[in-house]
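Feature annotation from Swiss-Prot assigns signal peptide to 1-26; the stated evidence is similarity to another entry. The disulfide bond annotation in Swiss-Prot covers Cys33-Cys187, Cys55-Cys59 and rests on similarity to another entry. What Swiss-Prot records for Asn50, Asn64, Asn109 is N-linked glycosylation site, and it gives sequence analysis as the kind of evidence.
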Amino acid sequence: MGSCECPALLLLLSLLLLPLGLPVLGAPPRLICDSRVLERYILGAREAENVTMGCAEGCSFSENITVPDTKVNFYTWKRMDVGQQAVEVWQGLALLSEAILRGQALLANSSQPSETLQLHVDKAVSSLRSLTSLLRALGAQKEATSLPEATSAAPLRTFTVDTLCKLFRIYSNFLRGKLTLYTGEACRRGDR
């Protein structure tokens, strides 16, 4: 193998391992800055949302699940420090991951879980793990934890959902909204 093939092989291996949610050591640290990467996750979230839209049986949860509020006040968001944005995204991603895992457990405990629904929930779990790794490589976790207490973001706004469709809608909205806004700004800032 030539020396020029090694970086290409590492990149190919990194892209193959991303869907597994495994931390990829050889991955370029700014992989999430490639809009195609984030778009792939957004398309997966939209697909899951679309599959569950017409779902009546097996899509209701036996309990409410807490999720992050995905509404964005663009005026406020643009005035926020990138560290405050990182806190909001990091906390939202953590809560969303917990919610999807809880939804996965509730679906597994239902009388007859649909294989299609289970597949989309499993993909969402894997995607959120991968996104967490990509954000960590971008420095979001460091940004979020380096803020002094006095300047930290307001407590994360939340609400509850009771169906898989609503959970996937929040998942899709979070990726298209706050996550896309944050990564866009963090990537631009890193390019300067």
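Note that Cβ sites are derived from N, Cα and C of the backbone, with glycine treated the same way.
Features recorded in Swiss-Prot, as mapped to the structure shown.
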residue : record                      : contacts (Cβ under 8 Å, 6+ apart)
Asn50   : N-linked glycosylation site : none
Cys55   : disulfide bond              : Leu117, Thr163, Leu164, Cys165
Cys59   : disulfide bond              : Thr52, Leu117, Thr163, Leu164, Cys165
Asn64   : N-linked glycosylation site : Thr160, Val161, Asp162
Asn109  : N-linked glycosylation site : Ser62
Cys187  : disulfide bond              : Arg30, Ile32, Cys33, Leu138
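Taking all protein chains in view, 18 other C-beta atoms sit within 10 angstroms of the C-beta of Cys33 (disulfide bond). In this structure, Asn64 (N-linked glycosylation site) is part of a beta strand by DSSP.
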